[in-house]
Amino acid sequence: MKFSIYLIISLFSSFSHAIWLDTNNETTIREDCNIIAKGLLDYYEGTKYGGVIGMFSWPYYWWEAGGAWGSLIDYTFYFDNDTLVPLITDALLYQTGDDDNYIPLNQSTTEGNDDQAFWGIAVMAAAERNFTNPKDPTKAWLTLAQAVFNTMQARWDTETCNGGLRWQIFQWNSGYDYKNSVSNGALFHLAARLARYTGNDSYVVWAERVWDWMYGVGLLTEQNWWFVYDGVKIANNCSNITKYQWSYNQGLMLAGCAYLYNYTEEEKWYNYTIKLLESAQVFFKNISGSMVMYEAACQPSNSCNNDQRSFKAYFSRFLGLTSVLVPQTEPVITKWLVDSANGAAGSCSGGSDGVTCGLSWTDWSQGWDGKWGLGEQMSALEVMQNLMVHKRPAPYTADTGGSSIGNPAAGYGKLTSDATPLSIDGGDKAGAGIITAIIGASLVGSCVWLIL
């Protein structure tokens, strides 16, 4: 389906050269998110001559495109706005790859586990938000999310460090000798969401396996503050930890625990949620009593790269989800989001249009900081639209109105089977029925403030 970006832009409401936010007024939140979403789509190349459907302009990589579509799925949900549905659907389906598992040929030489995971998280959100279902049931949102999970868990590497996912999928890519929190945290996160949606406890088993490995190797540290470190080199049995902390890693683990507590009601997942939330304070700067989000490992040194400039987007999204799934967290998270949204609104005053969003939200009285990009737009959109998270239903499940059809064996295509199968039980259902199958396959296979 071809869908004109110019038509999309024309459907956005008109705006003046400023963003004014009243966090208690749904109309201003909607209008501001409308403006910011339009700015986000200015970076989209998929409807332009020579562009690739689903991809944003250089220098934004494939994984960040998956993150951006996840943001726009929530945008359509929070504001009950179906304007972007055809555009988002085309993007999500075009990039699935021949085996419908988000390993497309155009990314086969560079794709990492974390890259694939962010597309999986996007389609998982589509299932949970009852986003318009694809006409082809074999490409249902839940099925695609299961395909990503299945192909990721098949790469679980017990030959080094007693488990864990490598950062990279393919041996020729730099980072194949690194096991990082974003890849493993995303597997944990997807497992938690699939467990809650399908009711299949085999996903809980996988979530626990990933959690225990990350804890055992030292990527998760249990102290007064619960740190989530960036990753480990496989040399010396993964004993050399890279002690950077990134907000999106904290968010992946936090929301994953929240999903598991909401589903299992096990006290340990509640306790982990609270501890991770307490330690998330490191990603907020106290500005005269306002707690404003920032990327602590790179913003103070003005060294955030294009990827890192989008991390606050996913962190905001995962905070919003946590506040819904574990209501006890709502007061703290709401204050953080409100304070940060005010800061973000102050930063969205740059560019030739007067509404381009910047990176820094902590100096909003100074306005735009001169930085711009897909990550800046996405982050501002997410922190503002998550002010609406309690105005709309919680993420749906197969038992509470979710209509996406699942396939527990999705994603393997023609691959041979020799991996430990995922147990399928009667609870693994989606939409109209239960699909049972045996899964089996294998694939080839970043301080409290900065660094401790």
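Backbone N, Cα and C atoms are what each Cβ position is placed from, and that goes for glycine too.
Annotated features, as they stand in Swiss-Prot:
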- N25: N-linked glycosylation site (CARBOHYD)
- N81: N-linked glycosylation site (CARBOHYD)
- N106: N-linked glycosylation site (CARBOHYD)
- N130: N-linked glycosylation site (CARBOHYD)
- N200: N-linked glycosylation site (CARBOHYD)
- N237: N-linked glycosylation site (CARBOHYD)
- N240: N-linked glycosylation site (CARBOHYD)
- N262: N-linked glycosylation site (CARBOHYD)
- N271: N-linked glycosylation site (CARBOHYD)
- N286: N-linked glycosylation site (CARBOHYD)
- G431: GPI-anchor amidated glycine (LIPID)
- 1-18: signal peptide (SIGNAL)
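On the structure: features taken from Swiss-Prot.
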residue	record	contacts (Cβ under 8 Å, 6+ apart)
N25	N-linked glycosylation site	none
N81	N-linked glycosylation site	Y75
N106	N-linked glycosylation site	V52, W62
N130	N-linked glycosylation site	Y396, G401, G402, S403, S404
N237	N-linked glycosylation site	T160, C161
N240	N-linked glycosylation site	V232, K233
N262	N-linked glycosylation site	R196, L325, V326
N271	N-linked glycosylation site	none
N286	N-linked glycosylation site	none
Checklist line | Other CB atoms, at most 10 A from the CB of N200 (N-linked glycosylation site) | finding: 24
Notebook entry, point to check: So, in DSSP terms, is N240 (N-linked glycosylation site) helix, strand, or coil?
Noted result: coil
Margin query: Can you tell me whether DSSP puts N286 (N-linked glycosylation site) in helix, strand or coil?
Written below: strand
Notebook entry, point to check: Once the DSSP letters are reduced so that anything not helix or strand counts as coil, what is N262 (N-linked glycosylation site)?
Noted result: helix
